[in-house]
Each structure stands twice: as structure tokens, then as C-alpha cells.
Amino acid sequence: DFSKAMSQAGTSQFQEVIRQELEYSMKVELDKILATAPSNELEHAKKDLEGFKKLFHRFLQEKGPSVDWGKIQRPPEDSIQPYEKIKARGLPDNIASVLNKLVVVKLNGGLGTSMGCKGPKSLIGVRNENTFLDLTVQQIEHLNKSYNTDVPLVLMNSFNTDDDTKKILQKYSHSRVKIYTFNQSRYPRINKETLLPIAKDVSYSGENTECWYPPGHGDIYASFYNSGLLDNLIAEGKEYIFVSNIDNLGATVDLYILNHLMNPPNGKRCEFVMEVTNKTRADVKGGTLTQYENKLRLVEIAQVPKAHVDEFKSVSKFKIFNTNNLWIALSAIKRLQEKNAIDMEIIVNPKTLDGGLNVIQLETAVGAAIKSFENSLGINVPRSRFLPVKTTSDLLLVMSNLYSLNAGSLTMSEKREFPTVPLVKLGSSFTKVQDYLRRFESIPDMLELDHLTVSGDVTFGKNVSLKGTVIIIANHGDRIDIPAGALLENKIVSGNLRILDH
């Protein structure tokens, strides 16, 4: 046992030496990169690299899954409230004064690459020529006009989306919404083998674009604080931010939740509210809220020990998942940021660059900070508040007659008889937005659809109706044209079907 203990001590000492060497090498490399910064960018680059250094330090300290599975408990009953209960309280007469304390923040760092688009994802057209950003501005403008309030919109951009977004913002200069932007940090990607940055200087254009990445939306706390915008908004009397992904079309300002925050029934305000919703089979990978060491804690699939992944995915044990719609007190962000007390697990995101080099990105997620805030709460909201558009299959749903558009908000059509959305799986021929648009002459009637699977070279004519379960499979080399006006109800279509003009 003595020799075992000695060898363990030796191993941990050895690991400590390696850790220190890695940190030292990283510091040397980062200093070299910083030395290339022009004077007008120096301050900014310094802040970014300091933030990265802290993250890298923690990455070297932490080993293995970051949760001890044995300590995970179900959250106490009152720590996740049903939305109905919060709505039942009604609204006060002075809802405008409550709204004036709110800031809407949209996470706008992502590109539309997964849908084959260049530029910011928020500029993809989703409904009647309106982009995600258009719909967001329309929603807030409608609020401000209806209640005579001044709710601003803040966009957290990344170095990937900032220029294009700023150019487009001029088109809203006459709308009744003040729009602010700030940039999330820019961190260096590191070589998976050497754990050193692949960047040689601070520039991030041309061939250097692959050297840098925005470190996930958990970066919001530091970059919002560093931008000075947080202090300005507090000085204006703002108290809460409502944060959500710009591609979640269900994430509109909810007055009942806001009222619950500002006028809590027990007199004690929550610093952090996470909207969760019930899992379906499609959401088994979503992060879930648990009780851990007497605090609410978000557990993501990446943190779960391999032996427990199936248990984590079970819909019966973990019934809810995080929508990433969050309500957070500004004063709490300021307090925790100044104490350096926001603790978020590190997500290690491996990537392979175009040239084949394996790199890793160290990231954090905004919801993971819930355990650092006081008096946190989950609210179990209807599924309608989670309507993300990640793929063209999602796009088909929001473009269809399943939804109607009113003042920038999408609501499920009253003509649909059941509240769930159909399951839609479009094949790889539909992945890119321009291919997808070319394959639909008009968006089919989907009010009575349960399930649609499309695979291969398939096109849809005008005014097609889809009902029940529809499966359309064109094998390799075949092509299927669904003719204009066709009604497909509980049908499987396969083989070749070509409609030719004569």
C-alpha cells in the first residue's frame, strides 16, 4: 500500500509538473500573439486572451465528467413551477412600469453554415421574407407601442456576425426599438496534440479565420460586463434581461413570467429563472435541471459519465430540458462578475479544420451559471415557447400554415386539432436553404400532418396537401415530382415519378 500511495503521489506530482509546463508554454504563445496587436486593438485583445487563459487554466485542472452522478437528485417540488400557476396570478395594472425594467438580449453569434448560408444565421428569411432579426424587432416594437414602453434589444454578436449585423441594423433606425450590440470574446483554437494555439498573430481575416472561435454563449456574462453596456443599462434603471437564442421563434417576452420576477409572491426576488419544457423523444440530449449540493444545477449530456448516459436520456427520470430562455437580474451579473464568482462547466468542443488539423475549442453555456445565482427557479413552460430553427426541416414547419404570424410572433394555428407539431425529416438534398426553396413551389398544407420523411431527389408542386404519415423516398438515380394540387394522406411514395411539361 505504501508503494501504491507513493506511486500515486508521484503520478499526481508528475501531472502537476506537466500542467505547469503547459500553462507556461501557453502564456509564452499568447504573449507572442498579443505582441502583434495594433495599438487600437491591444486593450481588447488583452481582455480576450486573459479570459481565455483563465478558461485554459481550469481546463487543465478539471479531469473527467464534471458531475458526481451519485449526488444528482431530483429538484425539490417548488424549485420548478408550472407556468399555469404563474399565469394564474394575472397581471398588475402597472405592467408598463414592469416592462420598462426589462432588456431583451438575443444570442446572435452563430452563422447559417449548417443550413448552407453565408453570414449571420439571424439574417436568413423564415417567414414572408422576414428574417429572425426582423421578427425579433417587430415583437419588441409591438410591445413598446402597445404599452408605451421602452424595452431595448441587445444583440450579442461574435466576430463572425458583427459586421454584417451592424450593416443591416440601419434598416431599423426608424423603428420604436433601441438596439445595442456588444461582441462576445474571441478565443484561439488550440491544437489537439500540443494544446497550443494555432494562431500566430491577432488578425482574424483571410486564412486566419480558422484560428479563432467565439467561446459559446456562457461568455455573455464577461463580455456584457466588459463592454460597459451592463453598467449603462443598470444606470438607466433596467433590472432584468431576458436572454434567448435568436433562432428560437417561440422565445417572446412573457408578461406573466416578468411579473413573477418583479413582484414575487413571497417577496423574495429570483436572480435567475430558466424556462424548461417537457422532453419528447426528440429532446433526449437536451440539458436538464437537477438538484446538486443544495443548488439547482444544469446538467448537460457532455458532463454525464458514460455509464449513465442512457439514464440521463430517459424521459421518465429526467422529464424536462432547458429551452435556453433565461431571465437574469442585472445587478446579480454585476456582483458575480466583479467577484469572479460565475462558475460554468467547460465544454470541450473538438473540430477538424478544412486542412485536416484536429483542434479543440473551450466553451461554456449561459445556463450552466444557474448554480452561481441566488434563489434560482425553473419554470415549466408550454412547448410553444421552444420553437428553434436549426435545420430546413424546422424551417418547413415555421413557414407552413401550422403557424400564423402576428406582430412578429408565431402562434400555432387554431385549425390544428392537436397541440404537438409534426415530426419532419427532410433528406440531405434539402439541407441547404437554397436547395430546399427550389424543391417547394409552395409550402404544402400541413395542418393534419403527423409525420413526414423525404429522402432523395424530390420536388413538390404548388398547393400540395400532406396528412397523417407521409414517406417519400426517391432512390439513387430516381426522381419524384409530387404534382401540383396532390393530396397525400398516409402514403408511402417510392421509385420514380416524373411530371414533364409537354
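Every residue gets a Cβ built from N, Cα and C, even glycine.
Please treat TrEMBL annotations as automatic predictions, because they have not gone through curation.
What TrEMBL lists as UTP binding site is Lys121, Gln184, Gly216, Asp247, Lys390. If you look up TrEMBL, you'll see His217 marked as substrate binding site.
Feature map: TrEMBL annotations on the structure.
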| residue | record | contacts (Cβ under 8 Å, 6+ apart) |
| --- | --- | --- |
| Lys121 | UTP binding site | Gly110, Leu111, Gly112, Met115, Phe132, Thr161, Ile246, Asp247 |
| Gln184 | UTP binding site | Gly109, Met156, Asn157, Ser158, Pro214, Pro215, His217, Asp219, Ile220, Ser223 |
| Gly216 | UTP binding site | Ile347, Asn349, Glu363, Thr364, Ala365 |
| Lys390 | UTP binding site | Ser114, Asp247 |
Least buried of the binding-site residues His217, Asp247, going by other Cβ atoms within 10 Å?
Asp247
